[in-house]
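*Asks:* Pasting the feature list from TrEMBL:
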- Ser104: active site, nucleophile (ACT_SITE)
- Ser104: active site (ACT_SITE)
- His129: active site (ACT_SITE)
Amino acid sequence: MPVGVPKIPYDIPGDDEDEEAAWVDLYDRLYRERALFLFKDLSPETANHIVGLMIFLNIDDCNQEQFLFINSMGGGVMHGLAVHNAINFVLPDVHTLCLGVAASMAAFVLAGGSQTKRIAFPNARVMIHQPTSTFIQGYMEEVIMDTDLVLKLREEITNFFVQRSHKPFWMVFEDMERDVFLSPEEAKAYGIVDSVGLQELQELQGLQELQELQGLQELQELQGLQELQELQGREGRK
C-alpha cells in the first residue's frame, strides 16, 4: 500500500491573521521554502516539473536561494541538460545536495550547482559514465545521426567535468568509459561537489564571511588613510 503525502497547515502570506491556516500538500509547503527534489529518474515529466518550479520561484523572488536535493540514478541526457541549464538560468544561487546517490545525469546536475554550494552527504555515492544511446532499430542514416549526437553530447559533458575538475581531457574521457562510483571525498577531489556534509559547508561559508570582513576592514582603513591625507593636505595649504 503506497504511503500518502500528508497535508500540513500553512499560513498564506497576506491573509488575515484571524483566518485559519490552509492545509496544503507537504511538497507544496517545501516548494514555498525553495526546497526542490530530484528523487526519480530524469524523465520528461520530472525534468519539466523541476524546471517549471525553478523558473516560477525565480519570478516569485529572485533573491532567495534554491535547494535541489538529489537521490537519483540519472535518466535521459537531454532531460538532465534541461535541469542543468535551468540552474544556470535562474538568478539566485542553487544549492545541489546529494542525499543518497547521484548517478549518470544526476551527477551532472549535482556538479552544475552554484560554486561552493554543492554538497554530498557522508554516506552518499556519485557515479559518472558516458552517455548511452537507446536507438535499437531504424534506417542506417538515422543510426549514424544518433551516433553523432551521442558523441557530441559526450564531448560536451566531458568538457564540463574537465572545467570543474581541472583534470586533463583524456583522463576524464577514460574515466567515463565505464561506470565509476565515487565516495563523497573522491567526488570532492573530482570537482563534482565542494564539501562533504554540512560542517564543511559552514566552515567554508565562515571563511568567506571572514574574508569579506577582512576586506571591509581594509577598505575602512584605506578610507581612513585617505581622509587623513586630505586633512593633512588642507592643513599644509593653511
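Glycine is no exception: its Cβ is also placed from the backbone N, Cα and C atoms.
Note that TrEMBL annotation is computational and uncurated.
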*Asks:* Looking only at Ser104, His129, the active-site residues on record, which one has the least crowded Cβ, with the fewest other Cβ atoms within 10 Å?
*Replies:* His129
*Asks:* Take the C-alpha atoms of Ser104 (active site, nucleophile) and His129 (active site) and report the distance between them in angstrom, rounded.
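*Replies:* Here the two Cα atoms are 6 Å apart.
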